Amino acid sequence: MGRPDPEEGPLPAPVKPPDGGWGWIVLLGCFVITGFSYAFPKAVSVYFKELMKDFHVGYSDTAWISSIMLAMLYGTGPVCSIMVNQFGCRPVMLIGGLLASAGMILASFTTNIIELYLTAGVLTGLGMALNFQPSLIMLGTYFDKRRPLANGLAAAGSPVFLSSLSPLGQVLLEKFGWRGGFLIMGGLLLNCCTCGAVMRPLDMGMKRKMGKAQDKYEAKEMLPIGGKTEEGISTTDGTKKGKKAKKKPKKGKKLLDFSIFSNRGFIIYTISKFILVLGLFVPPILLVNYAKDTGVPDTEAAFLLSIIGFIDIFARPACGMVAGLKWVRPHVAYLFSFSMLFNGLTDICSARASNYTGLVIFCVFFGISYGMVGALQFEVLMAIVGSQKFSSAIGLVLLIEAFAVLIGPPSAGRLVDALKNYEVIFYLAGSEVVLSALFLGVASYCCLNRGKKEPPPENNPTAGAGSDTEEAESDVQEAEEHSSDNHQPAHSTDNAVVAASEEANHVAEEQRGEGGGCPAGDGEVLARDGCNADQMVERDSF
C-alpha cells in the first residue's frame, strides 16, 4: 500500500511554522535588519560633502561607497547561502553584525578614500549582507499562513529607517563631524547582533519527541492492559533502535542547491526580476535633480523623496494583508505582476510632469506601487521554491540582481549626461518595468498553469483488482507480524490469518482464471470485502 522502506532513512519533516508566538520577535528583528540593509547605504550620503572636502575627491568618488555597499548586499548572496546552510542563521547573523559595526568604526579612522572603500564599503556591506538574507530565511521559517503579512511588515523597515537615519546622520554630522558620526553609526549597527540573537531556530527535536509519545500511546491502546503493555512498548522501542542501526548514513546537506534551476517558476521569476531592477531604482535616484531642472526649489525637491517614503511605510503592510487573503494568495504572482505594471505605467505617465503638483502626484502613486513591489518580491519567491530551498534561491537571485543594479542606474546617469533630457530616461525605465510585469504574468499563465492541467488517468478494472489483491496480501503480512511480536498464540488470530490468506488467494485465482473477464464491479466488491474483513479481525484479535 505504498509503505516507505525503513532502511531508506528519509529526512525528517520540518517543524510546522507557529505563525506567531516567538515569531513576532523574529519579525521585529527582520524589520530592523531590513531597515539597516536598504536604508543605510542611502543614509551615508549625507556625509559625502564633508568627505569630498577632507579627501579632495569628487562626488562620483564618494558615491562609490554606497555603490559598493549595495554591490556587497546583492553580490554576496551565494556566499551567504552557503554559510547559512553550513552553520545556520543565528551564527551567521552574529558575525555579520560584528563585521558591519567594525567596518564603520574602522572607517572613522581612515585617511584616504581607498580605505573608506574597504571599510565602510566592503566590510560594512558584507556584514549587512550576512544579516539581511538569514533574517528573511528565518521569517519564512516562523510564518506560513501569515507569511504575506509578515513579509509586508518586515519590508516596511526600509522606508521607516530611511526617514529616520538620514536626519540622524545630519545631526551627528553637525555635532561630531563625519568621523564621530561614523563611530556612532558603527555602534548602532551592533543592534544587528541583537537581532541575530533572537533568531532562535525551531526545535527539530520537538517533532521527534511528539512522534515517540504517539508511538507509545498507540502501543498502549493496541495491547491489553497488564504486564504485557510495558513489554510491548519495550519491544517497539527495541525494533525502532534496530531499524535506526540499519539506516544508511544521511547525505550531507547541499551548501548551494542548484536544482532550483529546474523549477520553471524560479526561472521565470529570476528573468523578470532582472528586467525589473534595471529600471526600478532609476526614477527615485534622478527625481531630485529632475525636479531642480524644472525650477523646483532645493528644499521642496528633497521633500519629494520624503513623500515616497511616507506612502511606502503604509503601502507595504497593506499589500501584505491583501496578499494574505485566501482568494488572493494562490494568485500572488499575478498580484506581483500587477504591482510592477502599476509602477512602470506610473513612470511613463509622469515623464512629462512639468510642475511641482505633477511631481507630487507622481510620488504618491510611485510610493504605492513601489511599496507593493517591495512587499511581494520575496513572498513570491518563497511561494515558488518553498522554505526548504529558499536559502539557496535568494542567494542566487540576489547575485543576478547585482548585475542589474550595476547596469541600470549607471547607464541612466550616462544617458542623462549625453542627452540632457530626463523625459527619455523615465520612458525607458518605465518600459523596462512594464516589460518585466508582462513577462512574469504571461509566462506564469502559459508555462505554469497549462503545465498543471493533465488529463485524468483512465480507469482500468484489471489494474484496480490487482492493487486490491496486493493490499489483501500486505494485510496478511501485517497480521502475521503482529501475532509474532506479541507472542500470544491466540486461536482466533490464527483463524483470521488463514481466512484472510484464503480470501486473498481466492481473489488472485479468480483474476488469473477468468483473465479479467468478470465484471469490474464484482472484482472490486470482492477485494474490498476481503480487506474490510482483514482489518476487523485484526482489531478483534488484539
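Glycine is no exception: its Cβ is also placed from the backbone N, Cα and C atoms.
Curation does not apply to TrEMBL; its annotations are automatic.
Per TrEMBL, the features are as follows:
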type	residues	note
TRANSMEM	21-40	transmembrane segment
DOMAIN	23-448	domain 'Major facilitator superfamily (MFS) profile'
TRANSMEM	63-84	transmembrane segment
TRANSMEM	91-110	transmembrane segment
TRANSMEM	116-137	transmembrane segment
TRANSMEM	181-202	transmembrane segment
REGION	228-247	region 'Disordered'
TRANSMEM	266-291	transmembrane segment
TRANSMEM	303-325	transmembrane segment
TRANSMEM	332-353	transmembrane segment
TRANSMEM	359-378	transmembrane segment
TRANSMEM	390-412	transmembrane segment
TRANSMEM	424-448	transmembrane segment
REGION	451-524	region 'Disordered'
COMPBIAS	468-478	compositional bias 'Acidic residues'
COMPBIAS	486-495	compositional bias 'Polar residues'
COMPBIAS	503-513	compositional bias 'Basic and acidic residues'
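In this chain, the transmembrane segment (424-448) lies apart from the transmembrane segment (303-325): fewer than three C-beta pairs between them fall below 8 angstroms, excluding pairs fewer than 6 positions apart. At the 8 Å Cβ threshold, with sequence separation of at least 6, the transmembrane segment (266-291) lacks contact with the transmembrane segment (116-137), having fewer than 3 such pairs. In this chain, the transmembrane segment (181-202) lies close to the transmembrane segment (116-137): three or more C-beta pairs between them fall below 8 angstroms, excluding pairs fewer than 6 positions apart. Only residues 6 or more beyond the boundaries of the transmembrane segment (91-110), in the same chain, are considered here, and those with a CB under 8 A from a CB of the stretch are 33, 36, 80, 83-84, 116, 119-120, 122-131, 134-135, 179-180, 182-183, 185-187, 189-197, 199. The transmembrane segment (63-84) makes contact with the transmembrane segment (390-412): 3 or more of their CB pairs lie within 8 A, with pairs spaced 6 or more apart in sequence.
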